[in-house]
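J.: Dropping the structure in here first, questions after.
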Amino acid sequence: MCPLLLNPILSYPLLSPLFGGYIRKLRRDNPSKILIHLCLALLLSNLVYLIGMHDYSFDNSTICKVVAVLLHYSLLASLTWMAVEAFYMYLALILVFKTYFTNFILKCALFGWGVPLLIIVVTLAVDSTDNYGFINSGMCWLRNPAFYAAFVGPVCLILLVNCIAFVLVIRQLSNMASSKLNKTDRNR
């Protein structure tokens, strides 16, 4: 496991000069910043799963609960950043000229990282740490009924918002394409 963690750390000084300019360019505009946050949330969820889902976490109930909390947080953060991305696409394509918000990325970060944290805090406050632990499927995760309230509910809400944004964006794009076709027909 140690080489797995050291490889990115040791390769950073070697790869940084090669990709440094590209990374600086990525951090300039809002869509790139949102994408970076989404990638960080996905990286966190993958790391928590890869490092935490081993026998040493199953044997110790405290470690198992910590892994379950971190996995729950990182998965919810990934989904909320996907919702932020959908919201930004909605702003960019539907509300084209009314889209300036002060401190937009800060507000997105508060939503993307804060909403999952709020859900975790509420889940922990409701039943201390008994909502998390080793479950029958062989992993450290949320126990029922907290699973439905603290994970399935927010996931369904985020998916609904994403689907609505998707339909609105597709409708706007198809309207733009059909108006473009109508203009070319008039010019003939």
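Cβ atoms are placed via backbone N, Cα and C, with glycine included.
Pulled the feature table from TrEMBL, pasting it below:
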TRANSMEM  6-23  transmembrane segment
DOMAIN    22-188  domain 'G-protein coupled receptors family 2 profile 2'
TRANSMEM  35-53  transmembrane segment
TRANSMEM  73-97  transmembrane segment
TRANSMEM  104-126  transmembrane segment
TRANSMEM  146-170  transmembrane segment
J.: Tell me, roughly as an integer, the mean pLDDT over the domain 'G-protein coupled receptors family 2 profile 2' (22-188).
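T.: So the average pLDDT across the domain 'G-protein coupled receptors family 2 profile 2' (22-188) works out to 88.
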J.: Should anything in the same chain at least six residues away from the transmembrane segment (104-126) have a Cβ under 8 Å from its Cβ atoms, list it; otherwise answer none.
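T.: For the transmembrane segment (104-126), the list is 30, 33-34, 37, 41, 69, 72-74, 76-77, 80-81, 84, 88, 132, 142, 146, 149-150, 154.
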